[in-house]
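S.K.: My structure is below; once you've seen it, I'll send some questions.
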Amino acid sequence: MIKKIGVLTSGGDAPGMNAAIRGVVRAALTEGLEVFGVYDGYLGLYEDRMVQLDRYSVSDMINRGGTFLGSARFPEFRDEHVREVAIENMKKRGLDALVVIGGDGSYMGAKRLTEMGFPCIGLPGTIDNDIKGTDYTIGFFTALGTVVEAIDRLRDTSSSHQRISIVEVMGRYCGDLTLAAAIAGGCEFIVVPEVEFSREDLVAEIKAGIAKGKKHAIVAITEHICDVDELAKYIEAETKRETRATVLGHIQRGGSPGPYDRILASRMGAYAIDLLLQGHGGRCVGIQNEKLVHHDIIDAIENMKRPFKGDWLDCAKKLY
């Protein structure tokens, strides 16, 4: 019988994490459970830094970006002894389960705790939208709005100067954020990790656009594919058009979450409590076709594949 739970945020922050914490806390309290917030993710779990939360602890949090519990990278959590200390800390406080909000690294920590006998529920919190078993992650749509706003501003100045602009978008090894932003921002060219990249082919496409009368262009590219400053120099040398690169960086993670992320986070947080009360542990929550779903967290990490939105890319190419 679940009586006390913990909740933490881990890895890179994402808009909507506070809304998810709020959803977990208020749904749990409504069901008569006690909730402890863990500061700074798995690091705080190991260092036994927890605080009991009530309804007022999460007041005015639904609209705040970031995570008021804090987050930290803690690679030492891979060590089984470190996890044993974390589990002992939770048991000392009488915790029966843990809700983890974060990306795939956070899920891995939850998976390892589950394998050691401590039930966890994972909620997908990352702007990268790279979590298996869900159509969208908490924070993705807010970050999308931030990126599109930046692209709109870049288009203003690119048009004025007949310039080629490269905009580097977060996403790690998933191109969803780049792809969605490129469609919404009307970018002429898209470079994502799921599709083989050739700078020569990109230049050929840019030249073809110039031949058709294009005065300016925006290239959206996912981070880690190449050095965008070097790419800008190459494009400028080959096209004889002024080319500049803009790295949006961590601004994409900040800001007040948009309505969809607030709703998604709230629904997922409450659903996590439903699952725990039904006796489910070792699960991760997702949304598919606008319905909340849950999967075995071990299976999600080890066996499930995340499909690439190839139809989105096909659409974008038709609109160049």
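From the backbone N, Cα and C atoms, a Cβ is placed for every residue, glycine too.
These came from Swiss-Prot, pasted as-is:
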type: ACT_SITE; residues: ASP128; note: active site, proton acceptor
type: BINDING; residues: GLY12, ARG73, PHE74, GLY103, ASP104, GLY105, SER106; note: ATP binding site
type: BINDING; residues: 22-26, 55-60, ARG155, 186-188, LYS212, 214-216; note: ADP binding site
type: BINDING; residues: ASP104; note: Mg(2+) binding site
type: BINDING; residues: THR126, ILE127, ASP128, ARG163, MET170, GLY171, ARG172, GLU223, ARG244, HIS250, ILE251, GLN252, ARG253; note: substrate binding site
S.K.: On a C-alpha basis, identify the one among VAL25, LYS212, HIS216 that is nearest to GLY12 (ATP binding site); the candidates are the binding-site residues.
M.R.: VAL25
S.K.: Sort out for me which one of TYR56, PHE74 has the most neighbouring CB atoms within 10 A, since those are the binding-site residues we care about.
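M.R.: Sorting the candidates by Cβ neighbours within 10 Å, the top entry is PHE74.
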S.K.: Would you mind ranking the binding-site residues VAL25, MET170, ILE251 by how many other Cβ atoms sit within 10 Å of each Cβ and giving me the lowest?
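M.R.: The binding-site residues VAL25, MET170, ILE251 were compared, and ILE251 has the fewest Cβ atoms within 10 Å.
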S.K.: By a 10 A CB contact count over all chains shown, which of the binding-site residues listed here is most packed: SER59, SER106, THR126?
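M.R.: Compared across SER59, SER106, THR126, the most Cβ atoms within 10 Å surround THR126.
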S.K.: Counting only residues 6+ away in sequence within the same chain, which have a CB under 8 Å from the CB of ARG22 (ADP binding site)?
M.R.: VAL58, MET61, ILE62, ALA265, SER266, GLY269
S.K.: Whole-number Å only: compute the distance from the Cα of ILE251 (substrate binding site) to the Cα of ASP128 (active site, proton acceptor).
M.R.: 14
S.K.: So of all those binding-site residues, TYR56, ARG244, ARG253, which one's Cα sits nearest to the residue listed as 'active site, proton acceptor'?
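M.R.: For the residue listed as 'active site, proton acceptor', the closest Cα among TYR56, ARG244, ARG253 is found at ARG253.
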